[in-house]
């Protein structure tokens, strides 16, 4: 490492940055910085002492892959313009961040996943502690008080929640925001340098979208406050903060928002579950998994809770009596706004939050309201620093130290009373994952339980499966909500219909099923608790969460060539063949049914509601559109039909009567024609779902005929290639349909691009000779170009800022030497 000499002992460049950031007597900066770093690292060791290689903490919320080979692919997955997860979709956040590069670089050095994870956490917590200490010193507190506040920030309940939940990127983004705040508050730096440095750190926060938005607002406020910053500095800060988001803008432009959002849409129950109770949200508690609540068991909970309320009182005191009025007003406004967002529907922003999530589809990307708690926690501590500045130094130090020791008590239990109880991933599962990595082909694999959240059998908490990352050329099909053929395949496997399950696994391009013993699906956030769940339905829900029967290996592919495809009117009738063409013929010019209520979320135990949130209950429900209606109540449904009106009915349990007559439907799924006039549909002791049809389905019953072509798709490149012969008339890419997918033939013609198997991309082609095909995602090249451009711009500004920091620190050292 290059050293800078100033006529005395040589110091490495990172000490010069500390020299700039810690406003102390220059002769003591190095010693004090070393003390802060030592205490922060000791605190980190204390916090992570329970996270051994067998800890299942990563099963509770977000995940960190335990297999090092999967960790190497992490940057490729997170930055891919087309995400391979599930059955694929356009990525809403195809960012190529320096953080992603770091997490991919560590395993490439030969470090195991556990060591990489520990290093990332230590880096984030050390930076957070250092930033709070520097900010407190800038606000006028004593050194001991500043150290206490830094450790309080590191040991606070917000950080406990994020550490226990495995929110790795969140902690990095929060540390970046804290450090940018510390730099903006330094008066010994020029305003231009402060502004540009804050812009660079804001760019790092892009890995957590909620914090990134807050960071952009903070940069806007800093541009107004730092009036003497030069125009070039403002431009540089603007470029550094926004350059990494260029791919996001291109992604929004290349696909509709509805296709970019995850399959799990934000619903009223989700928002309510993610809204902290008023009495807890004010002190930054109330995170729905309840990690802090579990940690408080077995200790005198009143002690840390009293400390949290005391900090709130001090923050309010600091907001109104602080000498630095402008800083206090900005911090107080940010603290109130973010705390109100954390409260969600339980706070003063109730109506506004409900309206935004109901009418603005893009708001679903920000649905984790508790992610704003970190910003509220930082603002609260800085307001506390302003309050302690007005008190005698000895009294302020005693208050800060008391609060620190009270809050540290939350971390007394090594496993937080079972929250991170150890569980070894079975060797058979690890061996199977390594076998999948070595296997040829382009197919997906799926872990069982297939849908998240999952957790240990009998546990009340759950989260993402840490093994659900791609291995080699094989991406994972697991999701919070499965889509299309994957959803149907799992539903048939749960029902024990292995023949249909195998057919739909093949249609989804899933070639391997990996069961994970000891885990089950947890029904957290799946639905608002109904008033009544009958016994037969409770039994069914319990069976769904457990293991399912299914084939372990399915012969399939993702990029496939076929000589012909069958035409299927009702996908429920399809029995196999790899792929099919949906078809229908016009039956009636009038609207089939009138009087159907608008589908909406609600309680199906006492009225008809949208079936979309309940499709996982039975394989038949997965064949209905999201606009279908469902109930297990005895509420009648009045319909008005015209000539030729069609009604598709799924009867999961019980029976149904129309106009007082019992209706018999084979296999509980079928279509009936209604005569003109008004009708009354009445469910009888069961679960019924219906949807109206505009067309009558027709089918050609033959299986898809495959060709001998050998094709392959590489999800890491977003491209597939291969050779096909003249007998090939169809090329099918088994990923979610998008007009962004294109095909090129070395010879021959592409006749049509349409949806195959009700979800996939299919091209009808005409060949006379053997030809080479290439399939690629068109926005891929544009998005990757802007990824590299954005990263290059950010790196250019960040490197220049670092050089200026070092030069400024060296100049300061020369003056004081």
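Backbone N, Cα and C define each Cβ position, glycine as well.
Annotations in TrEMBL come from automatic prediction, not curation.
Per TrEMBL, the feature transmembrane segment maps to 29-48 (among others).
A Cβ distance under 8 Å defines the sequence-distant neighbours of the transmembrane segment (119-138), meaning residues of its chain 6+ beyond its ends; these are 18, 21-24, 33, 36-37, 39-41, 43-44, 47-48, 102-103, 106, 111, 145-147, 149-154, 159, 163, 168, 171-172, 174-176, 178-179, 181-182, 185-187, 378, 381-382, 385. The annotation transmembrane segment is assigned in TrEMBL to 119-138 (among others).
Feature annotation from TrEMBL assigns transmembrane segment to 168-189 (among others). Using a Cβ-Cβ cut-off under 8 Å and counting only residues 6 or more beyond its ends in the same chain, the transmembrane segment (168-189) has close neighbours at 20-21, 23, 62, 64, 99, 103, 117, 120-121, 123-125, 127-128, 130-132, 134-135, 138-139, 153, 159, 162, 195, 197-198, 201-202, 204-208, 211-212, 214-215, 218, 222, 226, 327, 371, 374-375, 378, 382, 808, 812.
The transmembrane segment annotation in TrEMBL covers 195-223 (among others). Within its own chain, the transmembrane segment (195-223) is flanked in space by residues 93, 95, 97-100, 169-170, 172-174, 176-177, 179-181, 183-184, 229, 233-234, 236-245, 330, 334, 338, 365-366, 368, 371-372, 374-375, 794, 797-798, 800-801, 805, which lie at least six positions past its ends and keep a Cβ under 8 Å from the stretch.
Annotation comment: TrEMBL describes 235-255 (among others) as transmembrane segment.
Per TrEMBL, transmembrane segment is recorded for 295-318 (among others). Counting same-chain residues at least six beyond the ends of the transmembrane segment (295-318), those with a Cβ under 8 angstroms from any Cβ of the stretch are 152, 157, 160, 282-285, 328, 335, 379-381, 383-390, 399, 402-403, 406-407, 409-413, 416-417, 419.
A Cβ distance under 8 Å defines the sequence-distant neighbours of the transmembrane segment (330-349), meaning residues of its chain 6+ beyond its ends; these are 214, 218, 221, 225, 271-272, 274-278, 281-282, 284, 286, 315, 319, 369-370, 372-373, 375-376, 379-380, 382-383, 386. Annotation comment: TrEMBL describes 330-349 (among others) as transmembrane segment.
Residues of the same chain lying 6 or more positions beyond the ends of the transmembrane segment (369-388) and with a Cβ under 8 Å from any Cβ of it are 132, 135-136, 139-141, 145-146, 149, 152-153, 156, 158-159, 161-162, 170, 174, 177-178, 181, 208, 210-211, 214, 271, 274-276, 281, 284, 286-288, 311-312, 314-319, 321-324, 327-328, 331-332, 334-335, 338-339, 341-342, 344, 353, 396, 399-400. Among the features that TrEMBL reports, transmembrane segment is placed at 369-388 (among others).
For 395-413 (among others), the entry in TrEMBL reads transmembrane segment. Listed as Cβ neighbours of the transmembrane segment (395-413) (distance under 8 Å, sequence separation of 6 or more from its ends, same chain) are residues 46-47, 141-142, 144-145, 148-149, 151-152, 155-157, 160, 292, 295-296, 298-300, 303-304, 306-308, 310-311, 314, 384, 388-389.
Marked as transmembrane segment by TrEMBL: 789-806 (among others).
Through the fold, the transmembrane segment (235-255) approaches residues 79, 81, 90-97, 195-196, 198-200, 202-203, 206, 212, 215-216, 219, 222-223, 229, 738, 740, 779, 782-783, 786-787, 789-791, 793-794, 797-798, 800-801 of its own chain, all at least 6 residues removed from its boundaries and within a Cβ separation under 8 Å.
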